[in-house]
Amino acid sequence: MRLWFTRLLGGGANQMLMVAIGWQMYELTGRAWDLGLVGLFQFAPVLLFTLLAGDAADRFHRSAIIACAIATQIAAAVLLLYGTTAHALSRELLLTASVLLGVARTFQQPAQQSLVPLLVPLPLLPRAMAFSSAGNQIAVIGGPGLGGLLFAYGITTVYWTAFGFLVLAFLSILGLRYERVQRAAHAFSVEGMLAGARYVFGNKVLLGAVSLDLMAVLFGGATALLPIFAKDILHVGPTGLGMLRAAPAAGALLMSVVLTQSPLQRRIGRKLLGSVALYGVCMLVFAVSHSFLLSLLALAISGGADMVSVVVRQTLLQMETPDDMRGRVGAVSTMFIGASNQLGEFESGATAALMGAMGSVVFGAACTLGIVWGWKKIFPPLWERDRFGS
């Protein structure tokens, strides 16, 4: 439960920080391009340090790596507090904080994901992954929602609350005890770091699953543009922005509860591709909606569809990967996820600068649906996969 609470508190704080950074950046510059840069600056550490982070997760105590990552997020919160209270806020400071959050996420995710199989028996892993994801989704709901409400008391209140959550998450992970698996030592080398990538690229099911998420969310996501939708299209302000950010996680949380009680067992490949297609349809509805309630509903359903994809992908990765490789394989997954989320935010900002926010999301949703059709043809073993263990 300590790991679960760490994800809950740390993830909630991270979401609050990102909502605040996005809103302050748009208030400061008024440019969609700069919202895209926030995502790009978060992705840069993923590109640079992912393989190193995976190797570290297979060499060192995973809980210690998580603690260091949370400490880095605390530093980002302190920087944002300073910039706001000292009236020194700038585009460069917001981008620097984004880089720090990106570095922390790069090292935290492989260690966090590969720690779960050490805490539960392997037969319970699908349920454990769904339960773990539920904690993450509660954070993604509560973080933006609470952040949006706290905006009424000033942006510094948001940052102080995030700081407090991160300190509690840091203390929680320090108290985690588990039996560390003794592994044969491997020398630090580029070859060792690349082993995870070779493993994923040698398994067509894993490669299809992680690359599907990369391409679909890269084009289909709209997170970076939510400040524009909240302010200029739906006219709901920062509180509405928090609700828009929380809506996908609300749907994901509901779906994670369903999957915890009724784990996926059959036709997992078709359910994976079908869930991504549903995600694309929901984003298309969101793009053309001028109703706040319809927008929330579309985002919530997209979150539920995305949760099916997340659970299938993460369970496949953990069940089909030896423990001494989980950190490095998890790092490859982190790089794909980082590319889809943060680089996708840059793509959204760049295309929105060319065709407007609504046009950008319509274009991305159409790309997502095309990608699902293409992946069915390119990765038939993924489409035909029936069970996790088959």
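Placed from the backbone N, Cα and C atoms, the Cβ positions cover glycine too.
Note that the coordinates shown come from a computational prediction; the quantities given were computed from them, not determined experimentally.
Within its own chain, the transmembrane segment (7-26) has Cβ neighbours under 8 Å at 34-35, 38, 70, 73, 76-77, 80, 84, 89, 91, 94, 97-98, 101, 105, 108, 112, 132, 135-136, 138-140, 142-144, 146-148, 150-151, 155, 158-159, 161-163, 165-166, 168-169, 172, 224, 226-228, 231, 238, 241-242, 245, counting only residues six or more beyond its boundaries. Under the heading transmembrane segment, TrEMBL lists 7-26 (among others).
Listed as Cβ neighbours of the transmembrane segment (32-52) (distance under 8 Å, sequence separation of 6 or more from its ends, same chain) are residues 18, 21-22, 25-26, 91, 94-95, 98-99, 101-103, 105-107, 110, 193-194, 196-197, 223-225, 227-228, 328, 331-332, 334-335, 338-339, 341-350, 352-353, 357. Per TrEMBL, the feature transmembrane segment maps to 32-52 (among others).
What TrEMBL records for 64-82 (among others) is transmembrane segment. Using a Cβ-Cβ cut-off under 8 Å and counting only residues 6 or more beyond its ends in the same chain, the transmembrane segment (64-82) has close neighbours at 6, 10, 13-14, 17, 20-21, 53, 56-57, 88, 93-94, 96-97, 100-101, 103-105, 107-108, 111-112, 115, 156, 159-160, 162-163, 166-167, 169-170, 173-174.
The transmembrane segment feature in TrEMBL is assigned to 158-176 (among others).
According to TrEMBL, the transmembrane segment annotation covers 205-230 (among others). If one looks beyond the transmembrane segment (205-230) by at least 6 residues along the same chain, the residues whose Cβ comes under 8 Å of a Cβ in the stretch are 22-23, 25-26, 32, 35-36, 38-39, 199, 236-238, 240-241, 244-245, 269, 272-273, 276, 279-280, 283, 286-287, 295, 306, 309-310, 312-313, 316-317, 320, 329, 332-333, 336-337, 339-341, 343-349, 352, 357, 360-361, 363-365, 367-368, 371-372, 375, 378-379, 381-382, 385.
Feature annotation from TrEMBL assigns transmembrane segment to 242-260 (among others). Within its own chain, the transmembrane segment (242-260) has Cβ neighbours under 8 Å at 15, 19, 126-127, 130-131, 133-134, 137-149, 151, 223, 226, 229-230, 234, 236, 295-297, 299-308, 310-311, counting only residues six or more beyond its boundaries.
Residues annotated as transmembrane segment in TrEMBL: 272-301 (among others).
Distant neighbours of the transmembrane segment (352-375): 31-33, 35-36, 208, 211-212, 215-216, 219-222, 225, 228-229, 232-233, 273, 276-277, 279-281, 283-284, 286-288, 382-383; these residues of the same chain sit at least 6 beyond its ends, with a Cβ under 8 Å from one of its Cβ atoms. Residues or ranges marked as transmembrane segment in TrEMBL: 352-375 (among others).
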